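Notes follow the structure.
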Amino acid sequence: MSLVLKKSIDDATVRDKKVLIRVDFNVPVKNGKITNDFRIRSALPTIQKVLKEGGSCILMSHLGRPKGARMSDPSPEKGVRGYEEAATLRPVAARISELLGQKVEFAPDCLDAASYASKLKNADVLLLENVRFYAEEGSKKEEERDAMAKVLASYGDVYVSDAFGTAHRDSATMTGIPKVLGAGYAGYLMEKEINYFSRVLNNPPRPLVAIVGGAKVSDKIQLLDNMLGRINYLVIGGAMAYTFQKAQGRKIGISMCEEDKLDLAKSLLKKAQERNVQVFLPVDHVCNKEFKAADSPLVTESVDVPDGYMALDIGPRTIHMYEEVIGRCKSAIWNGPMGVFEMPCYSKGTFAVAKAMGTGTQKNGLMSIIGGGDSASAAELSGEAKNMSHVSTGGGASLELLEGKTLPGVAILTDKDVKERGASCKFAFGVGSPSREACPLRCGHIFGGASIVREIVKIVVALLIGIFIGRRMSTKLIR
């Protein structure tokens with residue numbers, strides 16, 4: 001999934017240009033204060049690149065899931081269409097200003113910001129209000145998305161996407177604007193995200209372990225099915241583990257279980273065996289009779305959960321086993337917590353996995369990738385995020401990428417001019433499943449693909465023939 005086939009911001013001319021940057025500033029806000037600015041900080045390199053090169057930035061983002069007004073709705077007497085205080089980006093504007101060390105203008109209506117954009121000078125920054133205040137942003141109708149995109153595109157000259165977190169959305173700001181402008185470039189964050197996922201999906205250092213957790217097997221079916229053909233080890237935790245354990249005939253007490261997915265769990269375990277993937281499930285558990293915090297939760301001595309109890313975290317023996325598995329690997333990708341880590345009494349398993357990955361990365365060169373969402377939050381809370389190779393900003397996007405799906409927000413970006421032998425490697429941008437034929441340079445051929453191997457063979461044969469003829473001629477001359 002290397003960006004060699006998509007143009008990056010380094011390929012764009014931004015001097016004296018107004019650069020529309022789609023960022024993902026969907027950050028947690030409480031009482032008007034941002035509680036985690038990781039996504040904002042992650043976008044800074046792209047913003048700073050434009051400012052340094054003599055361009056101006058027009059930042060576009062969403063926050064939350066506001067209801068959204070229609071473009072055709074009349075403007076209210078006070079305020080702007082679609083406005084919801086809980087989803088305003090004003091606090092984000094203040095935080096970006098602090099991080100950049102300069103004033104950031106704020107346009108209170110993203111579709112009535114032409115006057116703000118026209119006043120921009122080189123090295124200025126403008127943040128538009130939440131693009132989801134308009135329903136057209138995520139409309140299922142292409143013509144509605146395009147109508148909004150045309151307005152936004154009129155503000156700028158160049159489009160850059162740095163919003164991997166929404167790359168799985170076909171929206172006005174992700175796919176509509178680059179379509180209107182006729183070009184789209186990847187920002188540094190987008191580039192980093194795709195390059196890391198490319199390595200882990202196409203040609204990772206081995207052994208490779210996938211650590212999968214969360215509540216439901218049904219949420220991870222496609223991920224598991226797609227990854228089983230790529231990994232060496234599968235570590236399962238979280239509530240979804242108990243569907244697998246019941247499928248194996250284990251007692252799970254009153255732990256969460258998807259009864260209608262038991263056959264699916266059996267099928268996935270069988271498929272793992274057929275593909276020589278070693279699966280690890282919890283061997284002990286931290287339990288309680290209710291779904292709430294406890295001063296002294298029960299820690300089981302066996303793999304079975306007692307009647308009347310629900311498992312809410314993995315136990316100490318399981319932690320040790322999972323740490324050992326991670327320790328023997330060269331690559332690890334993590335998607336989903338091991339327990340209810342939001343409650344301190346059930347956080348040890350999740351934090352132990354985070355620590356094992358962080359330590360492995362720093363001391364043993366482990367390539368560690370956190371697949372966004374709850375896993376990213378857990379890595380931050382544990383203090384291990386800084387030690388990982390990569391913590392993704394995209395929960396849903398990373399999940400769909402791991403499932404082998406197309407990411408519209410990546411596919412729309414402009415192709416880079418490359419030689420014919422690289423042009424067919426579409427999976428590099430999440431637009432198909434990898435195959436040795438379609439992606440020879442990244443799918444296992446040590447010489448870079450069958451076509452290249454054939455060319456090398458031709459050259460070697462020609463050299464051998466030349467040597468043979470040369471020797472025959474030399475022999476004749478000597479005689």
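Even glycines carry a Cβ here, placed using N, Cα and C.
Listed in Swiss-Prot for this protein:
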| type | residues | note |
| --- | --- | --- |
| BINDING | Val23, Asp24, Phe25, Asn26, Arg39, Ser61, His62, Gly64, Arg65, Arg132, His168, Arg169, Lys216 | (2R)-3-phosphoglycerate binding site |
| BINDING | Gly214, Asp219, Gly238, Gly336, Phe341 | CDP binding site |
| BINDING | Gly214, Ala215, Lys220, Gly238, Ala311, Asn335, Phe341, Glu342, Asp374, Ser375 | ADP binding site |
| BINDING | Ala215, Asp219, Asp374 | Mg(2+) binding site |
| BINDING | Ala215, Lys220, Ala239, Ala311, Glu342, Asp374, Ser375 | ATP binding site |
| BINDING | Ala215, Lys216, Lys220, Ala239, Ala311, Glu342 | AMP binding site |
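Feature map: annotations from Swiss-Prot on the structure.
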{"residue": "Val23", "record": "(2R)-3-phosphoglycerate binding site", "Cβ neighbours (10 Å)": "30"}
{"residue": "Arg39", "record": "(2R)-3-phosphoglycerate binding site", "Cβ neighbours (10 Å)": "24"}
{"residue": "His62", "record": "(2R)-3-phosphoglycerate binding site", "Cβ neighbours (10 Å)": "27"}
{"residue": "Arg65", "record": "(2R)-3-phosphoglycerate binding site", "Cβ neighbours (10 Å)": "11"}
{"residue": "His168", "record": "(2R)-3-phosphoglycerate binding site", "Cβ neighbours (10 Å)": "24"}
{"residue": "Ala215", "record": "Mg(2+) binding site", "Cβ neighbours (10 Å)": "17"}
{"residue": "Lys216", "record": "(2R)-3-phosphoglycerate binding site", "Cβ neighbours (10 Å)": "16"}
{"residue": "Ala311", "record": "ADP binding site", "Cβ neighbours (10 Å)": "30"}
{"residue": "Gly336", "record": "CDP binding site", "Cβ neighbours (10 Å)": "25"}
{"residue": "Ser375", "record": "ATP binding site", "Cβ neighbours (10 Å)": "30"}
Response to the item:
Quick note, Gly238 (CDP binding site) and Phe25 ((2R)-3-phosphoglycerate binding site): C-alpha atoms separated, nearest Å, by 28
Worksheet item: Judged by the number of other CB atoms within 10 angstroms, which among Gly214, Gly238 is the least packed of the binding-site residues?
Response: Gly214
Worksheet item: How would DSSP class Glu342 (ATP binding site) in three states?
Response: coil
Fill in: Alpha-carbon distance [Ala239 (ATP binding site); Ala215 (Mg(2+) binding site)] in Å
5
Worksheet item: Once the chains shown are all counted, how many other Cβ atoms turn up within 10 Å of the Cβ of Ala239 (ATP binding site)?
Response: 24
Worksheet, complete the sentence: If you tally other C-beta atoms within 10 angstroms for each of the binding-site residues Asp219, Glu342, Asp374, the top scorer is Asp374
Worksheet item: Which of these binding-site residues is closest to Gly214 (CDP binding site) if you go by CA atoms: Arg39, Arg65, His168, Ala239?
Response: Ala239
Fill in: For the Mg(2+) site built from Ala215, Asp219, Asp374, further residues of that chain with CB within 8 A of the site's CB center
Gly213, Gly214, Lys216, Lys220, Gly238, Ala239, Met240, Gly336, Pro337, Gly373
Item to complete: Return the residues near Phe25 ((2R)-3-phosphoglycerate binding site), defined as same-chain residues 6+ apart in sequence whose C-beta is under 8 angstroms from its C-beta, sorted by sequence, else 'none'.
Response: Arg39, Ile40, Ala43, Leu59, Ser61, His62, Leu63, Leu89, Val92
Practice prompt. Check the Cα distances from Arg65 ((2R)-3-phosphoglycerate binding site) to each of the binding-site residues Asp219, Ala239, Gly336, Phe341, Asp374, Ser375 and keep only the ones within 10 Å.
Written response: none
Worksheet, complete the sentence: Glu342 (ATP binding site) sits from Ala311 (ADP binding site) (Cα to Cα, rounded, in Å) at a distance of 15
Practice prompt. Sort the binding-site residues Val23, Ala239, Glu342, Ser375 by C-alpha distance from Asp219 (CDP binding site) and give me just the closest.
Written response: Ala239
Worksheet entry | Neighbouring binding-site residues, C-alpha within 10 angstroms of Asp374 (ADP binding site) - of Val23, His168, Lys216, Ala239, Gly336, Phe341 | Gly336, Phe341
Response to the item:
Rounded Cα distance, in Å, between Phe341 (CDP binding site) and Ser375 (ATP binding site) is 10
Worksheet item: In whole Å, how far is Lys216 ((2R)-3-phosphoglycerate binding site) from Ala239 (ATP binding site) when you measure between their Cα atoms?
Response: 7
